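If you look up Swiss-Prot, you'll see 50 marked as active site, nucleophile. The substrate binding site annotation in Swiss-Prot covers 49, 50, 51, 52, 109, 114, 115, 116, 120. The NADP(+) binding site annotation in Swiss-Prot covers 189, 190, 191, 192, 193, 194, and the record cites sequence analysis as its basis. For 99, the entry in Swiss-Prot reads site 'Important for activity', with the evidence type sequence analysis.
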């Protein structure tokens, strides 16, 4: 089995391509279920954010797995593999494990050290579990990754000086307008990104705020927190007439603001400029609007320069986290290496329990007057003896599994205990196809 990551991210693909490969939240479970049925894919988790779409997979063959994951992406988004391939980055084995740790800890983010990605990874993992797309390997790996990411942020200061994309959008507005107190601000979208932007705007002095959302009740709840006003998206054109600053993050599949709409609005704005930041992927605002004289449009890739602030300080903290990651990878690989011994241990336990069961049957024949309570006590104590006898051999087997030449040593181990090869192989199949174990994931 092999661990594989297929990634489209802000480093390798511009926003105009990333938006073509973005999974909507409502379709993520269906996508993971579909991918799980692809040839070679044993486990999978799909992560899709404004800066990356990544498929994490356990595959039985690297070459076959790579091909069918690429094919899945192309088919899902109705593109040709040749269109998708140039923008893909592929990580395998240790590189894939390291990449997952780095992404979850915020080391691979546009804003190094940001914490939002940790929640996004956790949500994707839990959704994958719900549709039974994860198994033994990813249940352990993602549990370990999420735990380390929390520890990394609590034991270092990397997140203290990191700004979110939403914060960067507000900072860009402040550079252009200076004080925001008298600016009319329009927020499109009442999701996490929109609320983060509004929170930062409010902290920067903005008080003339309007929140718009397809569901008016969500806009009302968000606006009330920050003394703003809520409006339905049906009133968008009127709201654009009043706004000085627009920050959009609706997550719609089509443009919310078109060039045609903005052309009409500009004619009625009497030459007043409108500063627009589109932090949605797919984009909410038609990029052709930037051609208009009075509209100044920035997308998420344009914020790169803004988020460079305090980068040197955060990179020092990132080095500490990378060291923590490397230690954790060693622990995971040690655990992974012991998976091969699980069938052997199971076969050993089964054989011992079979002997105990046969002994109990023989004992009950020889002493037929035993009460049910006496039978339970004898059974419990004989099982306890078995567990004590097996404890040391099992520990030794696990240690052997992590050593070089483990297969030959484990074969000798099986021979000593006279374990049938077929029985061990049968147990190995059970472990490989196990899909039911669900770990407790630490809350964020």
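Note that Cβ sites are derived from N, Cα and C of the backbone, with glycine treated the same way.
Structure with Swiss-Prot features highlighted.
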{"residue": "49", "record": "substrate binding site", "DSSP class": "coil"}
{"residue": "99", "record": "site 'Important for activity'", "DSSP class": "helix"}
{"residue": "109", "record": "substrate binding site", "DSSP class": "coil"}
{"residue": "115", "record": "substrate binding site", "DSSP class": "coil"}
{"residue": "120", "record": "substrate binding site", "DSSP class": "helix"}
{"residue": "192", "record": "NADP(+) binding site", "DSSP class": "helix"}
Additional residues surrounding NADP(+), by Cβ distance to the 189, 190, 191, 192, 193, 194 centre under 8 Å: 187, 195, 196, 197, 222, 249, 250, 251
Remaining residues near the recorded substrate site, that is with C-beta within 8 Å of the centroid of the site residues 49, 50, 51, 52, 109, 114, 115, 116, 120: 106, 110, 111, 117, 165
Alpha-carbon spacing, residue 49 (substrate binding site) to residue 189 (NADP(+) binding site), which is rounded to whole Å: 16
Long-range Cβ environment of residue 189 (NADP(+) binding site), under 8 Å and at least 6 residues apart: 212, 213, 248, 249, 250, 251, 280, 284
Residue 51 (substrate binding site) and residue 99 (site 'Important for activity'), Cα-Cα, nearest whole angstrom: 15
Same-chain residues at least 6 apart in sequence whose Cβ lies under 8 Å from residue 193 (NADP(+) binding site): 50, 165, 166, 249, 279, 280
Least buried by Cβ count (within 10 Å) of the binding-site residues 49, 51, 120: 120
Residue 120 (substrate binding site) versus residue 190 (NADP(+) binding site) - Cα distance in angstrom: 17
Nearest-integer angstrom distance between the alpha carbons (Cα) of residue 51 (substrate binding site) and residue 192 (NADP(+) binding site): 15
Cβ atoms near residue 191 (NADP(+) binding site) (within 10 Å, other residues, all chains): 15
Rounded Cα-Cα span from residue 120 (substrate binding site) to residue 192 (NADP(+) binding site), Å: 11
Residue 109 (substrate binding site) CB neighbourhood, other CB atoms within 10 A: 24
